[in-house]
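Now, the feature entries from TrEMBL:
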- ASP211: active site, charge relay system (ACT_SITE)
- HIS250: active site, charge relay system (ACT_SITE)
- SER423: active site, charge relay system (ACT_SITE)
- 513-577: domain 'P/Homo B' (DOMAIN)
- 218-237: region 'Disordered' (REGION)
- 1-30: signal peptide (SIGNAL)
Amino acid sequence: MFAKRNRSVRGVDFFAILSLFAFVCHLCRATIDQNDTSKKVICDHKNQIFDDCFTDRVVVKVKLDQVENLEHIAAEHDLVLLGQVGTLENIFSLIHKGGPQHPTVFQSVLGNSSFDSAHLQYPKQRKRIRIDKFDGNQQMQISYNMTISRHSRRPINKHEGKCYWPDPYYCNRKQWHLLDAEKHEDGGYLRVEEAWKRGYSGKGVVVSILDDGIQRDHPDLAPNYDPEASTDINSNDSDPIPVHNGLNDHGTRCAGEVAAVAGNDRCGVGIAYNSRIGGVRMLDGNVTDEVEAKSLSLNPQHIDIYSASWGPSDNGDVVDGPGPLAKIAFEEGIRKGRGGKGNIFVWASGDGGKYHDSCSCDGYLTSIYTISVSAVTKFHKPPHYLEECPSTLTSTYSSDTKENYGIVTTDLLGCTDEHTGTSASAPMGAGVIALVLEANRNLTWRDVQHLIVRTSNSTPLLQNSGWIANGADSHKFGYGLMDAGALVKMAEKWINVPAAYNCSIPYKLDKHKSFLLNKRPHDKDHKEGFQEWPFMSVQQWGEKVEGRWTLIAENADRFHTAFLTNLSLVLCGTAEPIPYDSVAKDAQSVVFDSCHQECDLKHGCYTPHSNEQCVKCKALQYPTVHNVRKFLVRCLNSCPDGFYAENDQKCVLCESNCKQCSNKTQCTQCQNGFYLLDNLCLKTCPEDYLNIADKGICLKVENFAQTFKRRLLQRKVTSSIVIKHFNKNRL
């Protein structure tokens, strides 16, 4: 991990899923001077408790024996009970009768003995994950009533000579990400068609899109719309229909990727085209911790999968994550949702790549409860907006402005082919998981993560740098592309993993290296540093945890200092072994088989076919040119000229004139133009010595005649040779 620029690092907590670790730090907030309080400035994401801003809302966790008295307690504090927050136990929302108040007004509430906790509510900075529209390309915006002549459709099924589905933009290969690359030259590797052929379409699975609402009456969504998986938190009603102002198309686009109806001659096809789809309108207004908690805890016994394509700002400066209420919603969903099997939370990994942002600074992605989904372009490259971090679990397709292959999906009053960013990747992943849950309804949330790790396909992505270590995991792509065909096949016979076992260690490991956080040049916050912030890595999945684990923190700014005051390590795994060894040809074997011969295959490599991308060398390490990742070296079976093998582990530089040496000061052979004498390399030999150029040595004159005579005798020269004079020049 690299220390955050201009931050003091405080408080650390590691997470590990089957040897997955995370480092803890905390979001720094700017403080506001308390001067003029005459103006009621409503608190926003930049203002915190007891700053010069105002709020009217507080959420309390009530002690069990005080729930019946809550209305009376609220009235004593001039508060009105609004109701329970989602399905969260004993957690209720209260509003002040007098409107927005300074936070000091709520002091008596915050300290009330009837409450286990109380949280003032402030709007948070939450953004739909969007990137710029395609440059110079015409947008495909069509009415959903538009169809295309059957004569213009290109057959995509080479074996049957007709379309798998008649929907125009599927049949015309606009939905390239759904086509199987093994059968269609312009297809991909999600292998959705393979899952369909096994009979899976998401039937019986419920997905809810947490966003700006969905157009529930869209012809491609209406047959699959589920009102029990929907609500409008922003307007406090049950209808998630978005406001048609040109900005609220995001949720409708995500919903179409999952559950657009198949075979209706409209737009395209959803991955789980028989699944039930709902939407929560929660982004089109002030987003507080309460709003997020309500969204994440909506009807958890009915909803299977929650998909979110939003988060804190991706500008490279913000460090933010779920508040205390949202964290409770995650935990209760995992513990109680789906009849105790746990809800599935799918999250977009973020689009801040062009700002050098890191998804390690997004707390929704560093949670062990979410499945972080990254993006891959049609040509299997990382898009320019991709954020790197070790918590990314898997990837699906999206587009890049340079390639212009967008994702076709439903849009407000029509269809579009310009859905993009990781906003498109996350619902694509949710659709695939819907197929998996149909294949096996008994899967727990942990089973789903295990299946994704074991079946994600890294092969199409190996051309890209950054693959590392044990499970062929990448900071860019996680374990690779989701493979719907492999997922449903493995899910059919999957045995539930053993019970989870977590352990916490105050500090301390020596396994594979994961970059928890690289330098973020736009991050200038330096007041409080990270405090109790979880950094998470899934790159140690499946490893044994014995051994020493090491945290490396480097200060990238030589003009400022940083302090690490404490840290802890949390390992999440199982006490009992998982009842599976590996997939027949999983990502790990694919990458390990392609590692350079000088790599130690027990540890793997970062990029195939390169002796400069080994995690650990089989024989000797040879230093390369300075690199940001300083631990990368060239692996060799013997040291090159000018180096010697130190302790049979690494090549160390000899003295400058040495060609070969036994240690740093003991030369055994000299560079051209130098002569060896007593383990030293000299420019010229001393008096009474000859420069033997072909040998690169100094030879004493009195020994020369004997040496010359011996060589002649060895060649069986019998004639007498008398040497009368030696010319002390090169021979």
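One is the number of the first residue shown, and numbering goes on along the chain from there.
Quick reminder: no glycine exception, Cβ is built from N, Cα and C everywhere.
Curation plays no part in TrEMBL annotations; they are all automatic predictions.
Recorded features from TrEMBL, shown on the structure.
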| residue | record | DSSP (3 states) |
| --- | --- | --- |
| ASP211 | active site, charge relay system | strand |
| HIS250 | active site, charge relay system | helix |
| SER423 | active site, charge relay system | helix |
Requested in this report: Take the C-alpha atoms of ASP211 (active site, charge relay system) and HIS250 (active site, charge relay system) and report the distance between them in angstrom, rounded.
Outcome: 7
Report summary line: Rounded Cα distance, in Å, between SER423 (active site, charge relay system) and HIS250 (active site, charge relay system) is 8
Query raised in the report: Averaged over the domain 'P/Homo B' (513-577), what pLDDT does the prediction give?
Result: 69
Report summary line: active-site residues considered: ASP211, HIS250, SER423; fewest surrounding Cβ atoms within 10 Å belongs to HIS250
Query - DSSP helix/strand/coil residue counts for the region 'Disordered' (218-237) - result: 6 helix, 4 strand, 10 coil
